[in-house]
Amino acid sequence: MRRLILVSSRSNLLPPFQCQTLSTTTVTERPFPTPPPPDEATVRQTLLSFNNDWKQALEFFDWVEESHSHCNFRHSTDTFNLMLDILAKFFEFDLCWHLIRRMHSRPSSPPNHTTFRVIFKRYVSAHLVQDAIDTFHRLQEFNLKDHTSFSHLIDALCEYKHVLEAQDLVFSKDTPIDAIGNTKIHNMVLRGWFKLGWWSKCNEFWEEMDRKGVQKDLHSYSIYMDILCKAGKPWKAVKLFKEVKRKGFQLDVVVYNILIRAIGLSQGVDFSISVFREMKELGINPTIVTYNTLIRLLCDCYRHEEALTLLRTMARDGCHPTAISYHCFFASMEKPKQILAMFDDMIESGVRPSMDTYVMLLNKFGRWGFLRPVFMIWNRMEQLGCSPDAAAYNALIDSLVDKGLIDMARKYDEEMLAKGLSPKPRKELGTKLLGGESVDLLDEYSQSTIQTHNVPLV
C-alpha cells in the first residue's frame, strides 16, 4: 500500500503541486517552533539605533508587536517612553499623543511620570513652552497632576533656558506647590540661571535664597561651586568648598568632583590628583565623572600617557570608560593617526561611540582638510548601525564643500532632506529654506540664529 503526500513550503505550495511516493509509514508533521518573545533590552537597543530616523523607529516599534502577537508580546511603558522621545525629537507631537492614548488604554503599560517628563523636555527644548504648560494641566485625566510632574516641568524649563517662565510658574499664586522655602525648587531655578550662563543673575538668586531663608543643602552649594568654575572664578569655588566643610555637611562625590575641577583650573592638575587621593582615603568612591574630570585636566596639559594610565586603571574602582572619556583625548590630540588609533582602541575596548563622538571627529578632520579620515569615521558610523543626525550630515557636507566636491555634497544634502533632517543653508549648493526661499535671504538674519552642535566633554 502506498500513500501520496503533498509537499508544501511554510508559505505556499510548490507550483505545480508535487507528489512524492513513500513507503507505508506513519509520518508525523513537526510544527515550526514558536519564536520566543523579543527581549526588551534588544528592542530598546534597536530603537536607539534608529534614534535619528523616527520613521524607521516607529515602523520597527509597530512591527515587533504585531509580529509577536502570537506570544502576547506588548510594549512596556519603558519602550513606549523611548519611542515617544524619538518622535518628539522630530516634533511629531501628534504621533506622541496617539501613542500616549494607546498607553492609557492598556493596563499593562500606562503612562507614568517619565512619560510626561519626556514630553515636557521635548516641548521646552523646541521652545513650545505653552504646550508644555498645557500638558501639565491635562495630567488630571492620567491621575498624574501632582508635585512630581510639576517638578519635572520646572526642571525642563530650567534645563532649556526658560528660567523666567519657570520663575513665573513657581512663584505665582496658582502654583500647585508651596515654593517658599522649598530648597529643591530653588536649586532648579539656580541651575537654570547657570544653564543660561547669566552669572550676575546666579549671584543675585544665590543671595536671594539667603534673604528668603531657604535652607541651602549640599546640592545648592555644589551648583554654585560649578557656577563659579564656569564663570572663570575657580578659586572662589575652592573657598566655598572650605565653607561647606566648616558647616559640617556630609560631603559626597559630586562636590568632590567639582572641587577636583576647580583646583585643577586654579592650581594645576597635580593638586587635583592630591584631592582625588584624599577623597579615596575618606572612603568616598570615585565615579566615572571623577575620572573623566582628571583625564580632561591631564589631556588639556597634553599629558596623554598619564591620562591613558587612568583610563586603563579606572576599572579597579568599578568605573568603566565612556564615550566622554575618549572625547577628552580627541579634543586635545593633534595628529590624525593618533586620533584614529585612539578611536579604534575605543571600539575594541567595547565603548560605543555616541553621535557627539562622530560629530566631533568629523568636524575636526574636516577643519584640517583631511577627507580620508572623514570618510573612515562616516563609514564606521554606518557599520556600527548608528543613524547620522543633522549635525553629522552637516559636518560631512561642510568638509565636501570646502574641498570643492559640490556634487557629492549635494547628494548628502538631498539624503538629509529625504530623512526629514534640516541641512544648513549653503550658497554653494543653492539650498532652499523652508517655504522655498533662497539661502541669500539668510543675510537678513543674525548669524546667532544658526544653531551649532556643542559637544560636552565633562
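Residue 1 is the first one shown; counting continues down the chain.
In case you wondered, yes, glycine gets a Cβ from its N, Cα and C as well.
Features reported for this protein in TrEMBL:
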- 182-216: repeat 'PPR' (REPEAT)
- 217-251: repeat 'PPR' (REPEAT)
- 252-286: repeat 'PPR' (REPEAT)
- 287-321: repeat 'PPR' (REPEAT)
- 354-388: repeat 'PPR' (REPEAT)
- 389-423: repeat 'PPR' (REPEAT)
For the repeat 'PPR' (182-216), distant same-chain residues with Cβ under 8 A (at least six beyond the ends): 151, 154-155, 157-163, 166-167, 170, 223-224, 226-227, 230-231
Beyond the flanks of the repeat 'PPR' (217-251) by 6 or more, those residues with Cβ under 8 Å of it: 183, 186-187, 190-191, 193-194, 197, 199, 202, 206, 209, 258-259, 261-263, 265-266, 282, 284
Summary of DSSP states over the repeat 'PPR' (389-423), given as helix, strand and coil counts: 26 helix, 0 strand, 9 coil
Counts of helix, strand and coil residues, the repeat 'PPR' (182-216), according to DSSP: 28 helix, 0 strand, 7 coil
